[in-house]
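Take a look at the structure set out below.
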Amino acid sequence: MSTLIDGIGMLFDGHVEHLDAAVVVEGERIAWVGPSSEAPACDERHDVGRRCVIPGFVDSHAHLVFAGDRTFEFNARMSGQSYTAGGIRTTVEATRSAGEAELATRAASLVEEMTAQGTTTVEIKSGYGLTVEDERRSLEIATSLTDETTYLGAHVVPAGADADEYVRTVTGEMLRACAPYAKWVDVFCERGAFDGDQTREILQAGIKAGLLPRVHANQLTEGPGVRIAVELDAASADHCTHLTDADVDALASSNTVATLLPGAEFSTRSPYPDARRLIDAGVTVAIATDCNPGSSFTSSMPFCVALAVREMGMTPMEAVRAATYGGARALRRDDIGLVRAGARADLVVLDAPSFVHLAYRPGVPLVRQVWRAGERVR
Ligand code: NIG
Ligand code: FE
């Protein structure tokens, strides 16, 4: 079965814009992209009425398995308190006391929210369980929602635990229980969470168990996170808010993507990362939501694109590219994030004549249709 998606006013494929374009979808894949006037005959024709089409968003950083919320903490921050890693423990307590069905339903409804806003691939981390069984069940829930699952037993040291003993659990029993459900291993490398030596040890144990590394790096302070990410060829160093020139140079000469999470700076009222500096140095940049109840409770990639343009020095084209192609690179995927023949048919039809409207009309629900693997899902 072939479907012609036609009438596209503008198609933005991550690198270039095409005007008056059409896309042919066959099964789960894109079979052809080109000018409308040259489109081949297809079984079905679907007219999108001269709207802009972009690749589905790739949200490469999200924490969706949790219970409770932290409205109180957000409110306190907006009255002048500052964000610390310690708030994570509040969510850990709520998550441990919640039943599996509740956690699964809440995570699924966040994925629903994301889909409605154009996200067609999402990465989901554990990290609010912090016991062997609570981490394992978080990842089991995550695997029911995505292939991009991340073991984040090293989110913080749980209340009352000894740090060295906890690292032994994270690299031992917990890793053995979680590895079958995870593709990635991640560590929150930060003051108040895990230091450089612990980060390296945990990532290396994960790699030995067959997982691929990614790192929460340099969010709240300068530190060793980015350097360790590059050293271990991590797919991504996430946050990258406080970088030295050496960090930027290391990223620029590596295969590690800098994933920027402007929702976190928005929600913690902190200075934004300098995307311009990274792009100008030749670093591949991704944008993701970091959806979590503490530092960034947004599921909206369009919101993050608008923030990236307004607050991080990115052009609309760079921001939309970072939210699609960049996210795919951060997950080491080459089958998503671009509209081109052979890619998975993940497409978003915007109620707008140009992708620029994602930043130009912030907060307006512009996602009109969502196609995932060749199927219309919204
Ligand atoms: O990416 N940085 C660590 N983890 C989350 C915050 C989690 C929380 O505050 O609950 C983040 O911002
Ligand atoms: Fe995070």
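Numbers run from 1 along the shown chain.
In case you wondered, yes, glycine gets a Cβ from its N, Cα and C as well.
Same-site candidate for 4-imidazolone-5-propanoate binding, as annotated by TrEMBL with Arg70, His155, Gln219, Ser295, chosen from Tyr128, Tyr181, Tyr272: Tyr128.
For the Zn(2+) site, TrEMBL gives His61, His63, His216; the one candidate out of Asp134, Asp147, Asp290 that the record lists there too is Asp290. Residues distinguished by a CB atom under 6 angstroms from ligand 2 are absent from the binding-site residues Arg70, Tyr128, Gln219, Gly294. In terms of C-alpha distance, the listed binding-site residues His61, His63, Arg70, His216, Gln219 place Arg70 closest to Gly294 (N-formimidoyl-L-glutamate binding site).
Selection of the binding-site residues Arg70, Tyr128, Gln219 by a Cβ distance under 6 Å from ligand 1 yields, in sequence order, Gln219. Averaged across the domain 'Amidohydrolase-related' (237-352), pLDDT in this predicted model comes to 98.
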